[in-house]
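Let me begin by presenting the structure, written as structure tokens, before commenting on it.
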Amino acid sequence: MTCPALFFSSHCISDDNTLHGPVFVQEPNNVIFALDSKEKKVKLNCEAKGNPKPTIRWKLNGTEVDTGMDYRYSVVEGSLLINNPNKTEDAGTYQCIATNSFGTIVSREAKLQFAYLEIFKTRTRSTVSVRQGQGMVLLCGPPPHSGELLYAWIFNEYPSFVHQDNRRFVSQETGNLYIAKVEKSDVGNYTCVVTNTVMNNRVLGPPTPLILRNDGVMGEYEPKIEVQFPETVPSAKGTTVKLECFALGNPVPTISWRRADGKQIARKARRHKSSSILEIPNFQQEDAGLYECVAENVRGKNVARGQLMFYAQPSWIQKINDVHVPIEENIFWECKANGRPKPAYSWLKDGELLTPQDRIQIEHGVLTITNVNLSDAGMYQCVAENRHGIIYASAELSVIAVGPDFSRTFLRKLTLVKVGGEITIECKPKASPRPTFTWKKGKEILRENERITVLEDGSLRIVNITKSDTGSYTCIATNQFGSINTGNVTVRYPTRLMVPPSSMDVTVGESIVLPCQVSHDHSLDIMFTWSFNGQLIDFEKDGDHFERVGGQDSAGDLMIRSIQLKHAGKYICMVQTNVDKLSAAADLIVRGPPGPPEAVMIDEITDTTAQLSWRPGADNHSPVTLYVIQARTPFSVGWQAVNTVPEVIDGRTFTATVVGLNPWVEYEFRIVAANLIGIGEPSSSSEKRRTEEALPEITPSNVSGGGGSKSELVITWETVPEELQNGGGFGYVVAFRPVGTVSWMQTVVASSDASRYVFRNESLPPFSPYEVKVGVYNNKGEGSFSPIMVVYSADEEPTRAPSSLFAKSLSASDVEVYWASLLDNQSKGRIQGYEVRYWRHDGKEENAGRIRTTGNQTSTKIANLKGNSLYHLAVKAYNTAGTGPSSATVNVTTKKPPPSQPPGNIIWNSSDSKIILNWDQVKALDNESEVKGYKVLYRWNRQSSTSVIETNKTSVELSLPFDEDYIIEIKPFSDGGDGSSSEQIRIPKISSKNIDICTIMISLTARSSL
């Protein structure tokens, strides 16, 4: 292929395969290698892409790594692999270098460090002798190491570790153990445990014995800070900063933290180990400052101070990008980085430091190269660096030298233009350096005049076009190469708008047509488009309302159906052909219900009124005729219309007074406007305001009571709803007196939720009538009392037990119980009824079943009992105060259960309106009651009521008409009750004229209920 452009590396860029310089996909990171690792190799990652594919080299401490001279080094797909790494030879700073024919770039620096932890050299340590109450420090003295360490101390034997609290602290900076005040329980052996977090390996130091001196106890003394952070603590942005502080003293000092500048320590900060450690996560500039640790006890206090200095590694704000620069032009590159301290900048070209000279100027992060030539092409890197880090930004500079090329910017073969119009024929070839331009019409060179101009970029402009301008035009662009192209211009008659859209005034819900009809050159294609308020109308998306109508190529009318308020605005019909375009606009005014009023304010509020004001919203081209005020409270169901003064608010009034409000209730208001077209949307709600307090007006309802325990008068009522309490501090005043007396006794119930009061007095006679009333009060004073009601005091439990208790078994599941009633003069407490308790012999009395009777009923039936079982029964009298003493217990045994076997081999035949049934005799089991007879149940198929015939035989004769279907079933009965029923037998309707005798035998064993 032809290669019109010359680049710095003599490569030609094609669309199919873009050539470019190296770009890092992955750069190396810092690596810490554990010396005891089973994996005896280290990998430093590096990957770069480019076309041609880049080659990768490595540097260690600025010197290139020769993989040919040392078999331990190899480069695998760009990454550096080190076998059998050696701490002495391989530790240091590495850089990856990527090169192809476009240039060279260098990666960020990565450090390779080796983690190790040696053993303690000393095997024994001297005994430490201290007084009780004295402070003490045990030194750890970790062995030679590399990598982060964690410290802990063993007390006596593993795994008993020293528990850190306000008295004991292990510094993670030194490893030392600090005991603020030694106690007897501290006597023992202490062993320092050092763990390398990289290697996950630990070593134990020699034990240090701690004993108490016998020359007395240490007295109280002020705190002495033994663990404190440095005076200056450099802290990186985004890191977690930990400050240690611990003091010895008697009593044990307390530790607190503060900032010396008076600012509050950030809420994100956390305190650990009884405040001995202050931890500040995600450290930022605002966290920097002077911090103080305060150790304090009753003997005094001590303060340690340290300055947290904020620093940040460089980070890019603005990087450099690849540029393609025509030869002999200028390039301006700028990079910007944040950092603390402020970064310094340098520039690299193909991995080498770039120095200012002649055409090359470097100032801070700005690189300027004037009059670019081919030797300037290559890979450039901006380097930002401070003492905390260094970053690189890479970009490629391509220098272009190319002759005029129209391959991507052909002149149009045919350009149409209307008479009287204007045209610009572009001539923008790709060229470097910039070419000179000449134009021809046909074979004649064009001369510029008032109608014909050659523009700065080489394009030809012709205005006020006539038919004579039709022809073939050629653009000639020239530098050291040459190229031409041609195009044709044809003149057409212009398009004219005949029926433009006109502005209209419509009401919501109507439908209209906006016309747009033109005359045009019919040899040209024509296209109509519409815009609404500057946006093209999408007839598919908005088809519910907009439709293009017209039916001919000269009409593009717009129909708008079911117009809404949102359709008001400017509509523009745009008409376009190949040679011209024109447009016409119309304004559509839509009248509709008013918009929501604005700025609803509560100007003044009393206990029952609120003065409101508002601003009118949009009237939507129809004047507002009426405003309605609505209110909402925490107690209302939605928004409710309220009474106002004036009663009717016309459209010219923007203030009104709401009346009839409840005192001490939180209200919010909104306004709804209406006009002749309809009711608009409500306004936004006002602020919430509470009405003022007033005396309570509503008294409690349903005042009643009674019951309770002995010597009690129970009074109950329904609470007054919160919205009717008229103020805070709401409560009840309960008044009562014996019927027939004059003086009232009163008590205050200071709870708005209370609905019950119990008056207790040992002298209170049982079941005595009292007049009671309940009043209300709040912060403003007392309200009215409720109407007087009569309530009886609590009754006294019955004092006598029922007698003559007797029980008999009715069946396997039912027994009947009888007893003698108690007369009123036999018991102090009223008798409201009796409670029967029953339980099985093998059950527990506390789990007994209970049945209650009312009034003077002295017998009851107990059902659903277990057959053939012994039951115990007892009776108590009861009233509202409780139950009285229990009667003597009686026993009763239920009858055996009824037969479980249903009748079988049922045979029926019919003759002369009779049905004769026969079945096998049912025999009871040993644990079942003997069969006494059988029950035959029958009903019409369409009826629910059942008839029953009892017999002691195994057959029965039924006189039934044959004009109905019958459902029949048979079951035995005994002293224990009814036994299992046969399945239902359906006897179909039978005509006696056609059938004399019908006999069917059915063998049934299962039971089915009717």
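Just so you know, glycine gets a Cβ as well, placed from its N, Cα and C.
It should be emphasised that the depicted structure is a prediction, and the values quoted were computed from it without experimental measurement.
Feature annotations, courtesy of TrEMBL:
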| type | residues | note |
| --- | --- | --- |
| DOMAIN | 22-113 | domain 'Ig-like' |
| DOMAIN | 117-205 | domain 'Ig-like' |
| DOMAIN | 223-304 | domain 'Ig-like' |
| DOMAIN | 314-398 | domain 'Ig-like' |
| DOMAIN | 404-490 | domain 'Ig-like' |
| DOMAIN | 494-583 | domain 'Ig-like' |
| DOMAIN | 596-694 | domain 'Fibronectin type-III' |
| REGION | 682-707 | region 'Disordered' |
| DOMAIN | 699-796 | domain 'Fibronectin type-III' |
| DOMAIN | 801-897 | domain 'Fibronectin type-III' |
| COMPBIAS | 884-894 | compositional bias 'Polar residues' |
| REGION | 884-904 | region 'Disordered' |
| DOMAIN | 898-993 | domain 'Fibronectin type-III' |
Problem set entry | Summary of DSSP states over the region 'Disordered' (884-904), given as helix, strand and coil counts | 0 helix, 7 strand, 14 coil
Exercise. Using DSSP, how many residues in the domain 'Ig-like' (314-398) fall into helix, strand and coil?
Worked result: 3 helix, 54 strand, 28 coil
Seminar exercise, completed: Tertiary contacts of the region 'Disordered' (682-707), defined by C-beta under 8 angstroms and 6+ residue spacing from its ends, are 596-598, 600-602, 605-608, 610, 612, 614, 617, 630, 632, 639, 661-672, 713-720, 724-728, 730, 732, 772-787, 789, 791-795, 880
Problem set entry | Composition by DSSP (helix, strand, coil) of residues within the domain 'Ig-like' (494-583) | 3 helix, 42 strand, 45 coil
For this session: Might you confirm whether the domain 'Ig-like' (314-398) is in contact with the domain 'Ig-like' (22-113), defined here as three or more C-beta pairs under 8 A between residues 6 or more apart in sequence?
Result: yes
Seminar exercise, completed: Top stretch by Cβ pairs under 8 Å to the domain 'Ig-like' (117-205) (candidates 223-304, 314-398, 801-897) is 223-304
Seminar exercise, completed: For the domain 'Ig-like' (117-205), the DSSP helix/strand/coil residue counts are 3 helix, 38 strand, 48 coil
Exercise. Averaged over the domain 'Fibronectin type-III' (801-897), what pLDDT does the prediction give?
Worked result: 89
